Protein chains: 6
Amino acid sequence: MRSNGRNAADQLRPIKITTNTNKYAEGSVFIEVGDTKVICTATVDEKVPAFMKGQGKGWVTAEYSMLPRATQSRNQRESARGKLSGRTMEIQRLIGRALRSVVDLQALGERTITIDCDVIQADGGTRTTSISGAFVAMAIAINKIVQQHNLARFPISDFLASVSVGVVSEKPMLDLNYDEDSKAKVDMNVVMTGNGKFVEVQGTGEESPFSREEMNELLKLAEQGIAEIIQIQKDALGEIALKISSGQAGASV
Amino acid sequence: MRSNGRNAADQLRPIKITTNTNKYAEGSVFIEVGDTKVICTATVDEKVPAFMKGQGKGWVTAEYSMLPRATQSRNQRESARGKLSGRTMEIQRLIGRALRSVVDLQALGERTITIDCDVIQADGGTRTTSISGAFVAMAIAINKIVQQHNLARFPISDFLASVSVGVVSEKPMLDLNYDEDSKAKVDMNVVMTGNGKFVEVQGTGEESPFSREEMNELLKLAEQGIAEIIQIQKDALGEIALKISSGQAGASV
Amino acid sequence: MRSNGRNAADQLRPIKITTNTNKYAEGSVFIEVGDTKVICTATVDEKVPAFMKGQGKGWVTAEYSMLPRATQSRNQRESARGKLSGRTMEIQRLIGRALRSVVDLQALGERTITIDCDVIQADGGTRTTSISGAFVAMAIAINKIVQQHNLARFPISDFLASVSVGVVSEKPMLDLNYDEDSKAKVDMNVVMTGNGKFVEVQGTGEESPFSREEMNELLKLAEQGIAEIIQIQKDALGEIALKISSGQAGASV
Amino acid sequence: MRSNGRNAADQLRPIKITTNTNKYAEGSVFIEVGDTKVICTATVDEKVPAFMKGQGKGWVTAEYSMLPRATQSRNQRESARGKLSGRTMEIQRLIGRALRSVVDLQALGERTITIDCDVIQADGGTRTTSISGAFVAMAIAINKIVQQHNLARFPISDFLASVSVGVVSEKPMLDLNYDEDSKAKVDMNVVMTGNGKFVEVQGTGEESPFSREEMNELLKLAEQGIAEIIQIQKDALGEIALKISSGQAGASV
Amino acid sequence: MRSNGRNAADQLRPIKITTNTNKYAEGSVFIEVGDTKVICTATVDEKVPAFMKGQGKGWVTAEYSMLPRATQSRNQRESARGKLSGRTMEIQRLIGRALRSVVDLQALGERTITIDCDVIQADGGTRTTSISGAFVAMAIAINKIVQQHNLARFPISDFLASVSVGVVSEKPMLDLNYDEDSKAKVDMNVVMTGNGKFVEVQGTGEESPFSREEMNELLKLAEQGIAEIIQIQKDALGEIALKISSGQAGASV
Amino acid sequence: MRSNGRNAADQLRPIKITTNTNKYAEGSVFIEVGDTKVICTATVDEKVPAFMKGQGKGWVTAEYSMLPRATQSRNQRESARGKLSGRTMEIQRLIGRALRSVVDLQALGERTITIDCDVIQADGGTRTTSISGAFVAMAIAINKIVQQHNLARFPISDFLASVSVGVVSEKPMLDLNYDEDSKAKVDMNVVMTGNGKFVEVQGTGEESPFSREEMNELLKLAEQGIAEIIQIQKDALGEIALKISSGQAGASV
């Protein structure tokens, strides 16, 4: 018997995606995966960072943070310590990279989308939950750009979601919560697109190296879980989902 | 006609206090004052900072932050800039000082309560809203301490809430939202106790100095508004409110 | 019997303002209030910060610091710690805000005046002493601008000074020194203009909340004390004081 | 035709491992993989970090840096910028995690081994080269500990090496140099043990998501390349390699 | 004709040393060398830094800073920039090293003396003026220690002062002011003891390398100037000077 | 009998200068002085820092760092500590100043040369070794500029090298290694040009002040040692050395 009333190793925790939760942001989402809760906001800026200037292309970047009491015991704020931890930097680089893999930066034009993922409560899988929520917030923001600037193409090429998998008590499992994650001997975060391709695979066997067979089983679980999450994203996005699927900026009309 | 459907200069915005919103924190509150929304969590630590050691007394401190997109345009994270702004430091010093004024540190014993106020959405009055919410989160956490450690006295001496007042278009007004605040010629934040005494009065007339008469009118508005907020705090606290009123740790039994 | 040979609760400490103490600064003052001693220098820069550009208006800003041994025991330098304390930031924001309240930024034109307040020795009231001294240093610097650039109007609208008041041993008192301040249950810093209006009122009752009556008594003491300080500023400024009073840039001719 | 005179997609660049290059370090290695050159030193400290104290176990950690002119154009020093980049933190976390996966921390006892990987010249694969070199430096240092403290078991459970693979011009390739890496659509870093298990798999398809088939081909290339690198490590380690293979601390006697 | 009414190349600027200028510090001095003005305070701490613990010896260290408007144009505060400049660190290391050369750390016992040199106004020679003033402040503080703790020996072995010399318009000159220093082709700071030995010689010919002959002439000027400064220090120190000369802690009795 | 098989007090350690050791840098050198080993690279940038702009002159600057295990015990990285030590800043300021003394910045034109000195292994004299190596790396880089831009004059006016001298066991000695340096009562770093003039003389007698006679003896040793080092630099530079000697950009043709 697993957390959140789950019976099976291949079962996701309950997922809830609430859209447009912030009155200012161009895109916003409150995503809950079991007890892990993340606010994702997308901000559109009509210019690009210095290193991208003059290429006629856009940019997508992400930032990630946890509230001090998102966790069992309180964590010191990174603003108070005066610097970001290695873990935070690693995660926000991952989120940005993953999102960019499904954005047509040329079609987006010279603008930057910044996705902020703020973890309100953490119970395992905060980085994968952030990616799944960030994609939806970004899609809402991009849809606004498409409408305001009459873009010809919808600049998102595919859906994108992420889940964690791991080997717990010798058993491959999908969507680990914090307890399961602490006991896992292998831990893998997978990011995939709507058409079933991999964008990121990050597997770590610090406690115990893993075999090719274990890896294959984990990837299979991840594929299935991500397909389910993408369906929930589609439901949350409604008409915008159709535009992504068709690649047509005006699909909803 | 004012924001949030208000007709009168002495009218508060709708206030909603939801308690126990965080599964880990010893006390937690989600407070909404109009469109200003703040998560307040209280963390109990069974030790005190170095400068308080060996005095048999407790300590209360606060931290304050805004999510990057709490505001109209996105603010850079203070963790990314590597330091806290003067505004943030000023606000968190104010919150901590205000809370300590109604805590009996001797009765609390050698433990620290850290209140985190994280602004999810900002529409004016984030520091006053933080104080009003922080008091409730702190009271819930202190109630847990009282129960776990069988404290003889309830170590909160009075209620505490805060509101902003200001002179907008020559008219004294209660509880300014962001638009009103931007146009205010005088801006005052007031913190008061349940028995109507002042804990902090911070009035600023950067745009135009103000007279003793204006100050008196503003303080009167603040007194009335704070009394209303304290009533809402009492409703949210339920039985804990009785213990504060009576000073009895076991008032609810 | 109070410090510095004072008999009465409404008595200021001896105040001495020496002008033009620095051979480089456009305005400079050495102000002594009892044993509190502050060097104030005003620097004129013929440009404004980025956020003020192109508005045809000037800017006034302040910085505040204490020498390590200004106090009883040595304080670590903020430059060595690598960051400003919250206290320092709060004070320098206060000084800048207060000074700007009596400067006609339009008449000043696109230039910045930076006031540095460096506390050489501290015995209570360093922030209020800084404000009273900074006003004089600023007035001297502005007078130089007026003369060099033939400004039509003298861009200072009124005098400005500051004093602390507090409740010590249940008694409201004016101009607390360090010992009195440590024992004060209520502590209030007041900044006022020459025509008796308030620019800043910052009252704190961390140790014990205070009543409306106490507040009124404190404000009355502050009004009286500030009027006396402004007279001393006028004596120090000589002809420049006349220009401020008349608003005429050429009053002295 | 590939860089460094290679003809085949599954060919490694020439690898040279020179041991004991530093007169002070407990273990040291100069590793050259084509034009990528890294100095790896291992430092033994007879205590563990605070979070490991009292568990009777050791710790292994790593730091990574590049000389400013290790690259085509000069990079600003991280010491001058005052903070580590996200990339550096990510890499040093990876190296430490990888090394720990083959160390028996219990057998090591309460001591810390710090591996410094300093890139003297970079031509692609600096993180994988660092891991392969760091393993050898660590083994030499651990061998010294084994001898000085007469450890019963040799506290390294297996060999460890790393290589990069990627899809360049639609073709899976082993051991990319900088030019190949810049053009790669998929980029994967793989860390494996001597018995052919995975310790880390980090695959990224930022430019273009990749299929399960591509992943399988890349992993196959990595397996082969790592086996070759481990043979070179064994040659460099000589007798120490026998101790690792046998798990016997005294294998060489 | 040189600055400050000097006629000759071997003439010092007027020097004034005022002692006991700070009501809190164990030793304090206000030193003026022409228009260069420095506040020196000495703080006694009854413990030593970690690296000196348990050796039964004391420590002497120094810090140096300039007020922002000590100079012609305003300098940004190092506290605002968040770090010390290389120049500041170099100077404070120099001052500390110089002072320690004449202190008998054994006789001083396990206590630390921190000398703060704060430049109020700068007109060349701020580091040499700081050293000459710091010695006097330190001697006053050490005399207090000697009296309070009945030390057997006076723990200062000799006098210490410093001066700058340089080659200006091909002519060796003593005690350069800012203008002369800017035009100097060779610049040398010399620290010497009362018995005419060198503690520090730092000569720089960035603009033009210098010969052995020039060096000899400069050193001769420095010797003469330092002897004069030490006489002024003796006058300022009064009876304490006798104790230093005799090495007897009770010389004055 | 001294370290590195030396018999005499006036004997240098074996010196080896290997040129062009880095495939990217415009100039590079690996210099070994006994067991002290430093990598020096010179980077050419076709612009100058802000404070030099528009003067038609070039700039030369230097950075210095040690690998963590360059020393007996491991040093924490300055990048990890988040700031440069005073020692590092002092050394890199010294190197830059010394190099500029022999560069004709006018002839160099508006470009910057940055010399990085990275100490791989330290056994005393790292700053002097850095200067001697940096000069050679800079000369190689400047020769490339001369050729690529057909400069009329070779913009290096003279050779430059550096050595340490000191008084060990009452005896003046040349080129101290770490052991000797730790025991030295006087320590002096000298930088000289090819024609025997001084560029920098930094002598310190922290442990014991030194006399004019000792200073003269030390300078004599330094003169002799530097002349020998410059001969080794000439051998390493080959034809470039002729251009420096003749001042002719085309000397080699």
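One-based numbering along the chain as shown.
Backbone N, Cα and C define each Cβ position, glycine as well.
Per TrEMBL, the candidate among C:ARG87, C:ARG100, C:ARG111, C:ARG153 that belongs to the phosphate site alongside C:GLY125, C:THR126, C:ARG127 is C:ARG87. Residues C:ARG87, C:GLY125, C:THR126, C:ARG127 are recorded as binding phosphate; their most distant pair of Cα atoms lies 13 Å apart. Summary of the phosphate site environment: with the site residues C:ARG87, C:GLY125, C:THR126, C:ARG127 set aside, the chain residues having Cβ atoms within 8 Å of the Cβ mean position are C:TYR64, C:ILE91, C:VAL119, C:ALA122, C:GLY124, C:THR128, C:THR129, C:SER130. Here the binding-site residues are C:ARG87, C:ARG127; the one with the fewest Cβ atoms within 10 Å of its Cβ is C:ARG87. Taking the domain 'Exoribonuclease phosphorolytic' (C:11-141) as a whole, pLDDT averages 97 in the prediction.
Within 10 Å of the C-beta atom of C:THR126 (phosphate binding site) sit 23 other C-beta atoms, taking all shown protein chains into account. Mapped onto DSSP classes, the domain 'Exoribonuclease phosphorolytic' (C:11-141) shows 45 helix, 41 strand, 45 coil.
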